[in-house]
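Data block below; observations after.
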C-alpha cells in the first residue's frame, strides 16, 4: 500500500471544515488510517503510463485531484468532477458522514454517484419544456431545442408573432404566442377558415334577419349596425327607431321646432332677426338700400294715426272773428281729410278735404249745406299753398294765392255765443262718427304733410311746441310716390278671390312694384282662420352677394324660388305671379315661367282647400302666427305697391294698418354727399 500525500491530507482537512462539528462522526485511529491508504495493484508502474480510468482510479480506489486529472486529461472537466466526487465520497464511504448520506437519495451506491458526475446532462441543465435532447461534452453540454424554443438551455420561447420574415405569424387578424408555439384567432364577428390562419366576416344580418327589429340591418366587417333614417336614433331595448329631439340639445339660437326625423330653427323676424347661412344661428336683418328718413318738426305728418285725429285745437275768439286757415300742403294721396272744424254744439261744421287730388269743401250750418270740389290736382308730391277764408258772404279757397273756388253763404259759418266765437279744429280726421252727417262720404285717412300753418289768424304759436315733442308727428323731408313699409307692421285687407265665371273657381293674380330697403321680409301672405299661411310671397337675402331671392311658399314649404335678383336698387322692380288650383305662373324682369312639378300639385291642393274657406290678405308681414307657419316671418322693409286681381290696393282702404306704414309716401334713397 502507498500512503496518499499531502494533497489527500489537505482534502480531508477541507472536508472537516465543510461540515459543522455537530454533524461529524469521528473514527478510530485504525479506521482513519485505512481511509488514508490504498493497496497498490500489480504492475503499478506500467499503469502509471496509461490514461487513467475512472472506474479504476476513483471508484475501486480513492483518487486525489491529480489522479482525477489523469482520467480526464484536462482541467475544466477535472475542476468540474472533483468537488462532486468528494461529495459522493462523503455520502457513500462506510461509516462516514451518515447525515450527508441520508440527504442523498439520487444514487443507490458510490459507483452510480461517481459515474454520473462526468455526465454534464445529469442533472438536466436544459429547460425541460423547451429541450429536445441534451448532449454531454467536456465540462460542457449542448441542449437541442424543440421547435419554438431558443437559448443555450432552450429557456427562451420564440415569439413567432413578431417574426419579421413571417409577419404576424401569417395570421390575417390576431396572432397569439404560446410557449413553444403560436396560434391564430379572429376578432369578434369573424370565423376562422380551414387553413387556421385566415378569418371570414360573419354576416349577422343574414343569419338573424330580425336582429335590428324595425330598423335596417347593415353588415360591416366584424359587426353589424342597425341604421335609422336621419333624425332618428336606434333604441336597443325596443329594437326600433325613435325620433331625436334636436331641440332639447339647444341646436338653435332662438326658436327650435322639432318634427319627426328633423328640426327647423327659426329667428324672430318681427324683432329684426333672420336665420343665418348655417341654418342655426340668427343675425340681424341688414339694410341693403339706405333711405333718407330725416324728418322736421316744422312739418306735421297727417297720417300719424290710421284711425283718429292727428291734432286737435280749440279757439275762443271775439265774436267778430271769422274762420280762416292757411297752410302749405304736400301729398301723393288722392283722398282724405285735411281738417275738420265745428262749433261747440256740433251744429255747424266745415270740412276741407282732398278728393280725386283736388280740394273739396263741405259745409253745413243752420242756413245751408254745400259741397264744392275744384281747382287743379295737387296730389303731385309738391308743396302747394292752400288758404280757406270766410268772407262776409262767401268762403274763398285759394291755391298758390290764386282763387279756385268761392262758395256763397247766407250768414256766418259759426254762430257766436255770449260774445265769443268758439271753434274746434281737427287735423286729418273726425272726432267721432260723423260720416252720416256728411253731404258726401269720404275716406278720412290722408297721407300728407302741412307746414307754415296759420289758423284763425293766430299763427303757429303753441302748435309747434306740441309737435316738436312728438317724433311720430314729424313728416319726412323728402318723399316719393309709393307705399312705405318700415319693417314694423302689417296692413290687412279682405279680398274675395272667388271667380264664379272661371272653371278654376278662384285665382290670385298679383303685381308687385317693390324697392326693398332690407333683403328679408314677407311681402304678401294669405292667412287662414286656423293660423296657417296657405300662400306667401317673401324676400330673402341670396347666397350670391348683393342679390335677393323671391320665395313662393304654401304653408312652411317653398314651392318655388326665384334666385339672385338685384332688387335693392334705387329703381323699382316689377314682379307678377298668377296662381290657381292647377297652375303657377310668374314673371320677373328676367323671365316668364310656368311652374309645374309633381310636388307643386300636392301643395296647390293644400292651397285649394284653404281658398275654399276664408282667408285674410296681409301686406308687409304676418299677424301672430307660429314661427313655423312660413319659411320667413320678418316684416318687409321698403317701398311696395300691390295690385291684386286688377285692383290697385290703397292702404287707406285697409281693414287695419300699422300707424308706421305710409300709404302714399315713400322715403327717398339716401344719397351720400361730399360732406357726409
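Using the three backbone atoms N, Cα and C, a Cβ is placed for every residue, glycine included.
Per Swiss-Prot, the listed range annotated as region 'Thrombin-sensitive' is 88-116 (candidates: 88-116, 117-145, 146-174).
Considering 66, 204, 319, 437, the record held by Swiss-Prot lists 66, annotated as 4-carboxyglutamate. When 47, 242, 469, 585 are compared with the annotations in Swiss-Prot, the one labelled 4-carboxyglutamate turns out to be 47. Per Swiss-Prot, the residue annotated 4-carboxyglutamate among 70, 366, 576 is 70. Noted from Swiss-Prot: of 60, 417, 435, 504, the annotation 4-carboxyglutamate belongs to 60. Of the residues 61, 227, 360, 593, Swiss-Prot records the annotation 4-carboxyglutamate for 61.
Among the candidates 55, 545, 598, the residue that Swiss-Prot annotates as 4-carboxyglutamate is 55. According to DSSP, the domain 'EGF-like 1' (117-155) comprises 0 helix, 15 strand, 24 coil. Averaged over the domain 'EGF-like 1' (117-155), the predicted model reaches a pLDDT of 88.
The Cβ of residue 136 ((3R)-3-hydroxyaspartate) has 118, 119, 120, 121 as same-chain neighbours under 8 Å, each 6 or more residues away in sequence.
In this structure, residue 499 (site 'Not glycosylated') belongs to neither helix nor strand by DSSP; it is coil.
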